[in-house]
Amino acid sequence: MDKREIFTEISLFKRILEEKGLKFSKQRKLILEQFFIEEKHLNVEEIYQRLKKYNIGLATVYRNVKIFNNIGLLKEIVVDEVSYYELKIYSKKPLHIHFKCISCNDIIDVDERKIVLEYLKLNKDMEDRNGFEIYDVNIMFYGYCQKCKGCK
């Protein structure tokens, strides 16, 4: 993603924060930018390691990630008792399944069209049969990723 695209996306987040009565501080901007720069699942410690050179404390990262999660900007994925976060709104992959490598601990998005369509049908079927209203689903596969399966 180039700088112009990041600026456009960040501007949308700024507007959402302001609509919620929250300030769009330098710290919040830097934290959100990490999800566009890295384009991967990040935990609070990883975000902090990237931002400590800007004198942003670990508590500030925790507090803001929690706020972003609570207002729906980020989605939390808990794996082995560690919370990872990814963009929830304006994501290029709004609905996808996750895969966690048990060797290198990478979390990989599985966004193959056929699988996602089956996933959508399952959600709809569950809602219809049980009278549910599903707003979120987390599916995690575990195994060896492509780079690690040859090393086991």
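Cβ coordinates are placed from backbone N, Cα and C, and glycine is handled just like the others.
Features of the protein shown, as given by TrEMBL:
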BINDING   Cys101, Cys104, Cys145, Cys148  Zn(2+) binding site
BINDING   Glu118  Fe cation binding site
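Sequence-ordered, the extra residues of this chain that approach the Zn(2+) site, with Cβ no more than 8 Å from the Cβ center of Cys101, Cys104, Cys145, Cys148, are Ile102, Ser103, Asn105, Asp106, Tyr144, Gln146, Lys147, Lys149.
In this structure, the CA atom of Cys104 (Zn(2+) binding site) is 28 Å away from the CA atom of Glu118 (Fe cation binding site).
For the binding-site residues given as Cys101, Cys104, Cys145, Cys148, the lowest number of other CB atoms within 10 Å of the residue's CB is seen at Cys104. Its Cβ placed at the centre, the residue listed as 'Fe cation binding site' has 11 other Cβ atoms within 10 Å. When the alpha carbons of Cys145 (Zn(2+) binding site) and Glu118 (Fe cation binding site) are compared, the span between them is 23 angstrom. The secondary structure of Cys104 (Zn(2+) binding site), as reduced to three states from DSSP, is coil rather than helix or strand. Classification of the residue listed as 'Fe cation binding site' by DSSP places it within a helix.
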